[in-house]
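First the structure, in the form of structure tokens, and then the observations on it.
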């Protein structure tokens, strides 16, 4: 490629994702140069700690992050630091200085995507963020391009590898959440503070990004209902199994009447034949339904430096090709804010587990409470859990009903003399 | 969108795919115009029979196909006629006249893709063909863009809905191929002449296209080994099931040493836990392995006017956006021809079914024939099939071995006195 033009790139952050992308650029240098029609040269890498051992030459490293975005010769900034600040302010500064940006930062794009995409569009620059959702799986660009003719009706995905691993282990090994979580933390699969994963914040960010792209309107994370996996007990997993389901943490968003959306993150009972039910371990997957294309499923490694680095480099190659042929600046800004409906308006099937005194009339009383709220039952499993106290446990599945009605029924069950305890209730995905 | 620019499009062919794309452009007109930043207007539609009832205004129709590609105001040609001629010559003419092209024509791209992509590149025009493979599933563009940083190591896919449906029905209903095929023909899922599907030509074309895109070198269909599903009997499906497998028609291509590839289309025993094993009916799916991204799977509807039309419109939206922002002409030409290795160099596991006299020493003799050719056995199933003649049937699974060795072993089995008949042998995909 001697004589080929150079495109100069600056990195911000050089952790798992940044160094993964860097190694890919090194390992596959020739093939990438052929695809771009230019050599991609990383000329500066902004890091927090210059002394740490890295796979890049120490001469490239600097702790002066501003000097990377201000560097005159740099055409493209790769941001792989994560977090809102200083990443956001650095990306803004890079765009204002005429540099294209590739970022893997889900929190930043979820919170400030509309604003930054708008800025990039006004500047005629590319701002790509494929790596922010689903690791190495192509999701954002296929929705923006190959599926662009569709009205997206619905998306449902497993978007967090850590919680998927935890739930898979709980299912396979019968251990409680605390044990499995501690093990995952020990092996480095889960953070010391697991809240971002376990409480669903990570999925909420990712679903906000996917929703914004799919529906073309800015969706804020707070517009998506969120519930984590801390409440899931072994009993729920066991009843789900008996009833033909597995429990997964899903992000789901649907287009609802009047151009609104209803987005939600929560543990979900999935029928075993559902395409997402077999997605195990750290894999991620997304099922999307378009009005013309029908159902499309994407699956792959949702985290890790190599897979996420692959998405960063894919974006970088696109940005560089666009620079070369003069097609930059298609960062289609979102057209206003989405109108999001509250979770109470959801129509879904549900799983409800209660502890009851094992005596006549109890089941009838419970069924009547459900029935009065228009909640119709489709299946149930009972077992005696305490022969001394004569306590039984019942797991119900309902037909599809309005969440507001289900919530009222659960509230009434909590106060009904025939019910000792409502242990849990979980939404159920139908095929 | 009043005042927005117009981009004028001409259609060649208005069958299932063409009319599906047209309806999508009509139904989702506003959203598409917003994404493109311009109105897409179909101004002429070339058809074979002007009198046939269509979903488009008769005033748009013409049987003079040349007048569509020669039309002065048309910027983009959508070719959905299929077949080599006159589609190829019309596309060439369109490119020479400076018109971008979107095509769904797998045979044409498989046979003349390198040449036409080269012409488009020299002309600075877009030539997109996402719809040629996998119906509505985004495959070609994600490989060219989001996965572009990867060395692709391997792809394996279910790329023909008709044969997948036939094999699914044979498995579920226990009927022989002829019965299921006749039923599929009656319902319009299979052609009157089913050879393109049943003998694997369709998959061979699609795999040639995917391989060319993934490896960046032109792969001709003839460079891909091909074997159809006509030889599959109920006995094979039954033994496969007992051994934990399902039989699917797969297209598989691998990068092998020295920059060569080995591509092949044939019925395959798939372990039930394989991501492709659950892909039923008319669905298509592709598993791709990249050196950084790892395994990625794409699944969706592989045929039908709406799904394939979705891919055509996705391409058309991209072409129009590129026109608007000036980024056309990234039809990366292939760098030379691929070097393809013959099937005899394949390393794979195999299934072999034989009929034998049910008497001592037979199994030992067979195992010795395998063993002398370095073929090691991993599992077997036996049953008596004729108590009067005292005939037995054995299905063997081998460990991975060289196909040349397996073929020699099979040849020796055919002539061995201990073997009455070699019924079938099929390649086996491992997890």
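Backbone N, Cα and C define each Cβ position, glycine as well.
Non-local contacts of residue A:206 (active site, proton donor) by the CB criterion (under 8 A, 6+ apart in sequence, same chain) comprise A:106, A:110, A:132, A:133, A:134, A:157, A:159, A:160, A:251. The active site, proton donor feature in TrEMBL is assigned to A:206.
The annotation NADP(+) binding site is assigned in TrEMBL to A:12, A:13, A:14, A:15, A:16, A:17, A:18, A:19. The secondary structure of residue A:15 (NADP(+) binding site), as reduced to three states from DSSP, is coil rather than helix or strand.
Counting every protein chain shown, the number of other Cβ atoms lying within 10 Å of the Cβ of residue A:106 (NADPH binding site) is 26. Sequence annotations record features per position, and here TrEMBL assigns NADPH binding site to A:106.
Following the DSSP three-state reduction, the secondary structure of residue A:191 (L-homoserine binding site) is coil. Sequence annotations record features per position, and here TrEMBL assigns L-homoserine binding site to A:191.
If you look up TrEMBL, you'll see A:351-427 marked as domain 'ACT'.
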Report, in whole Å, the straight Cα-to-Cα distance of residue A:191 (L-homoserine binding site) from residue A:14 (NADP(+) binding site).
-> 18
Secondary structure at residue A:106 (NADPH binding site), reduced by DSSP to three states = helix
Nonlocal neighbours by CB distance (under 8 Å) for residue A:15 (NADP(+) binding site), same chain, sequence gap 6 or more = A:80, A:81, A:82, A:305
Going by C-alpha distance, which of the binding-site residues A:12, A:17, A:18 is nearest to residue A:191 (L-homoserine binding site)?
-> A:17
Ten-angstrom check, please: count other Cβ atoms within 10 Å of the Cβ of residue A:17 (NADP(+) binding site), all chains counted.
-> 28
For the binding-site residues listed here (A:13, A:18), which one has the lowest count of neighbouring CB atoms within 10 Å of its own CB?
-> A:13
Using the centroid of the Cβ atoms of A:12, A:13, A:14, A:15, A:16, A:17, A:18, A:19 as reference, list every other same-chain residue with Cβ within 8 Å of it (recorded NADP(+) site), in sequence order.
-> A:11, A:20, A:21, A:22, A:80, A:81, A:305
CB contacts under 8 angstroms to residue A:12 (NADP(+) binding site), restricted to the same chain and 6+ apart in sequence, sorted by sequence, are A:18, A:46, A:65, A:68, A:69, A:77, A:78, A:79, A:80, A:81, A:87, A:90
